[in-house]
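As written in Swiss-Prot, here are the features:
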CARBOHYD  Asn25  N-linked glycosylation site
CARBOHYD  Asn59  N-linked glycosylation site
CARBOHYD  Asn145  N-linked glycosylation site
CARBOHYD  Asn166  N-linked glycosylation site
CARBOHYD  Asn304  N-linked glycosylation site
CARBOHYD  Asn333  N-linked glycosylation site
Amino acid sequence: DRICTGITSSNSPHVVKTATQGEVNVTGVIPLTTTPTKSHFANLKGTKTRGKLCPKCLNCTDLDVALGRPKCTGTIPSAKASILHEVKPVTSGCFPIMHDRTKXRQLPNLLRGYEHIRLSTHNVINAEKAPGGPYKIGTSGSCPNVTNGNGFFATMAWAVPKNDNNKTATNSLTVEVPYICTEGEDQITVWGFHSDNEIQMVKLYGDSKPQKFTSSANGVTTHYVSQIGGFPNQAEDGGLPQSGRIVVDYMVQKSGKTGTITYQRGILLPQKVWCASGRSKVIKGSLPLIGEADCLHEKYGGLNKSKPYYTGEHAKAIGNCPIWVKTPLKLANGTKYRPPAKLLKER
């Protein structure tokens with residue numbers, strides 16, 4: 001007779017790493033990881049996802065919308081998640097802006113981080129009667145409005161001295177910027193200043209010297225001195241060539257808090273303000289958004305969660321996402337592999 005000891009077994013290609021025994025062969029495993037492939041970005045399942053700030057504002061960049069360029073004002077949909085599709089927002093097509101002087105490019109990204117965003121229906125300041133006035137409100141042929149007349153950004157008023165009596169140099173003037181949002185939101189107040197060559201500065205403001213500007217709100221104070229001249233003629237988005245430039249900035253005012261702006265000639269006084277509340281998770285991505293996905297991943301786009309873990313590129317992700325691991329994980333669902341039993345000697 002032949003007597004065999006052991007258990008029934010077959011060759012096992014499955015190896016798992018254990019905490020106590022190192023690598024162990026087992027009879028069966030369940031893979032716990034997947035390696036995603038790149039896909040388009042999508043709407044996040046179970047929540048509203050925002051792509052462009054104003055989807056119905058045609059031919060408008062997010063910076064156009066944030067500054068209130070004529071023809072670029074509309075409703076910004078509420079969203080719990082937002083796609084940062086302009087990593088470095090492109091210029092606004094209304095008037096040449098000196099982007100390197102300020103944080104104006106960050107404004108669309110700041111707004112994107114809020115769940116609810118709306119533009120006020122009223123102006124925060126009566127610009128015509130502001131200190132140093134009376135002023136007429138300047139417009140530009142580079143900013144055509146809905147009737148194709150000259151216009152300017154809805155968030156700012158270009159304060160040009162109204163007559164020769166006040167078209168003179170001035171010491172620093174200060175205007176208080178009240179809080180006008182009605183639901184306790186953060187108030188994002190946009191302001192700026194215009195500068196040009198010496199001839200245009202004298203023509204518009206009666207002073208060709210560099211002008212000083214300061215804003216202060218929520219414990220943050222910012223100072224500027226304008227640059228006079230040295231600008232080549234520049235046209236934005238097919239508009240009229242401009243010898244001047246504008247510098248745009250913003251300040252965030254918390255509920256009930258007043259801000260201040262100290263200025264000389266060339267001020268762009270704040271007008272309509274953004275009222276923003278809630279938080280929206282922001283992730284770098286691309287448009288358009290196609291379909292739905294469990295997870296949005298900066299490197300892979302929209303992912304549907306098929307496994308609890310993933311390998312590959314590690315990057316920011318939002319939603320119901322698998323967890324990144326360096327190496328594949330397996331769950332043993334069989335027994336420890338034993339080699340085929342050896343025959344005992346015949347008796």
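Numbers run from 1 along the shown chain.
Yeah, the Cβs are placed from backbone N, Cα and C, and that goes for glycine too.
Comparing the Cα of Asn25 (N-linked glycosylation site) with the Cα of every entry in Asn59, Asn145, Asn166, Asn304, Asn333, these being the glycosylation sites, the smallest distance points to Asn333. Separating the Cα atoms of Asn333 (N-linked glycosylation site) and Asn304 (N-linked glycosylation site) is a whole-number distance of 24 Å. Of all the Cβ atoms in the protein chains shown, 15 others lie within 10 Å of the Cβ of Asn304 (N-linked glycosylation site). Candidate glycosylation sites: Asn145, Asn166, Asn304. Nearest to Asn59 (N-linked glycosylation site) by Cα distance: Asn145. For Asn166 (N-linked glycosylation site), applying a Cβ distance below 8 Å and a minimum sequence separation of six or more within one chain yields Gly132, Gly133, Pro134.
Taking the Cα atom of each, Asn145 (N-linked glycosylation site) and Asn304 (N-linked glycosylation site) are about 44 angstrom apart.
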